[in-house]
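Some notes on the structure that comes next.
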Amino acid sequence: MNNSTNSSNSGLALTSPYKTFEVVFIVLVAGSLSLVTIIGNILVMVSIKVNRHLQTVNNYFLFSLACADLIIGVFSMNLYTLYTVIGYWPLGPVVCDLWLALDYVVSNASVMNLLIISFDRYFCVTKPLTYPVKRTTKMAGMMIAAAWVLSFILWAPAILFWQFIVGVRTVEDGECYIQFFSNAAVTFGTAIAAFYLPVIIMTVLYWHISRASKSRIKKDKKEPVANQEPVSPSLVQGRIVKPNNNNMPGSDEALEHNKIQNGKAPRDAVTENCVQGEEKESSNDSTSVSAVASNMRDDEITQDENTVSTSLGHSKDENSKQTCIKIVTKTQKSDSCTPANTTVELVGSSGQNGDEKQNIVARKIVKMTKQPAKKKPPPSREKKVTRTILAILLAFIITWAPYNVMVLINTFCAPCIPNTVWTIGYWLCYINSTINPACYALCNATFKKTFKHLLMCHYKNIGATR
């Protein structure tokens, strides 16, 4: 943001410009917005924490954005409401500078997080074979930390120490604004750097994302689907682990992965799904043989370039003799970050030995790989991510644009912006923090369901909500 108050407010009388009923109305509306902002962003953070299906790299960026929005809801909204209804700043220059530093650092961090989300999605769509291998949780954490540190360095020192740099504090008593914004050129420059430039970058990135997605959809419709070559049982290299207390996993992630190669070796670049590939896998405690096809990119599987991976694991039930096999078919030519996979669950009888089980595993794999790939539409999860990003960007532009337009006008004509209009424009920037959680819920069914479970105190199986 830029300019905490309209520079034309100099000499403002230390009395409230509003009548009593207006003050009550402003406090009720502002207080409600603050409360909704706090609750909404806490829901986002808790949802990502408790639901493993939301623990993805993309959602970690949303978690960081929710942290920034939460701080705005707790501090910025309420202090600005106080400043507005009283008509002057009653907390002194030190608290004023601390509030401004916090407000601008957090607001800039929000913009930086939006840029990160846009770049992340852009690289996922345009570099599906090279970017995913770099797209790790550690990398995401470093990018998020860099966004916050850079925002702090850009704003906090200048806001807190500018008066000492120039040798005098020019902000009048009873007012609270950034001192170096008295310079019109600086105000204009910061508005460009803090809003207009990021908006241009994000708009261009989203245009490329949309164009790449549409291009892939057209390609999918035109290209015929090649049937998969059957996998010979002799190529199946698996090891059945006897179910005992030592190797029974205590969590859903404990699976052994043994690969069956058909054609070329898999490329490391497609080991992670840019959309929701970080979701954890779980074995099913079923009592019958079942095959669940979840091929999200079957139409891109080629005849001579595919990799079939099997995952062998056991049920958590100590008395179970089940064997769970997961077949993941990954394509080398796919321009999507989403690998195809087929999950097969095999239940062995208690009398079967290891060789018999292995033969059954081989036959089941051969049977599944003989099936021709079916034409599927583009992954719905990919659409969810893209739709969520679009909603967030639109909300950001719509809520921040009025204020930043007024900033430029105020640079050349300070009396042209009425104080009430200025206050509304400034508040719209804050309302963006209220809208963001609603964008997640409306565009992502998993977020919506998790929100509902949390609000209704339905905690059973909340970690597996999809």
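Glycine is no exception: its Cβ is also placed from the backbone N, Cα and C atoms.
Some features that Swiss-Prot has for this protein:
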- 1-22: topological domain 'Extracellular' (TOPO_DOM)
- N2: N-linked glycosylation site (CARBOHYD)
- N3: N-linked glycosylation site (CARBOHYD)
- N6: N-linked glycosylation site (CARBOHYD)
- 23-45: transmembrane segment (TRANSMEM)
- 46-59: topological domain 'Cytoplasmic' (TOPO_DOM)
- 60-80: transmembrane segment (TRANSMEM)
- 81-97: topological domain 'Extracellular' (TOPO_DOM)
- 98-119: transmembrane segment (TRANSMEM)
- 120-139: topological domain 'Cytoplasmic' (TOPO_DOM)
- 140-162: transmembrane segment (TRANSMEM)
- 163-184: topological domain 'Extracellular' (TOPO_DOM)
- 185-209: transmembrane segment (TRANSMEM)
- 210-387: topological domain 'Cytoplasmic' (TOPO_DOM)
- 218-320: region 'Disordered' (REGION)
- 254-270: compositional bias 'Basic and acidic residues' (COMPBIAS)
- 284-293: compositional bias 'Polar residues' (COMPBIAS)
- 304-313: compositional bias 'Polar residues' (COMPBIAS)
- 388-410: transmembrane segment (TRANSMEM)
- 411-418: topological domain 'Extracellular' (TOPO_DOM)
- 419-442: transmembrane segment (TRANSMEM)
- 436-440: motif 'Important for signaling' (MOTIF)
- 443-466: topological domain 'Cytoplasmic' (TOPO_DOM)
- T446: phosphothreonine (MOD_RES)
- T450: phosphothreonine (MOD_RES)
- T465: phosphothreonine (MOD_RES)
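Cβ neighbour count for T465 (phosphothreonine) (all protein chains, 10 Å cutoff from its Cβ): 22.
Only sequence-distant pairs (6 or more apart) were considered; of these, at least three Cβ pairs between the transmembrane segment (140-162) and the transmembrane segment (98-119) are under 8 A, so the stretches are in contact.
Using a Cβ-Cβ cut-off under 8 Å and counting only residues 6 or more beyond its ends in the same chain, the transmembrane segment (419-442) has close neighbours at 1, 4-6, 8-9, 17, 30, 33, 36-37, 40-41, 43-44, 62, 65-66, 68-70, 72-73, 76-77, 80, 84, 107, 110, 388, 391-392, 395-396, 399-400, 402-403, 406, 410, 448, 451. Residue counts for the topological domain 'Extracellular' (81-97) under DSSP, helix first, then strand, then coil, are 12 helix, 0 strand, 5 coil. DSSP classifies T446 (phosphothreonine) as helix under the three-state reduction. In the three-state DSSP assignment, the secondary structure recorded for T465 (phosphothreonine) is coil. All protein chains considered, the CB of T446 (phosphothreonine) has 20 other CB atoms within 10 Å.
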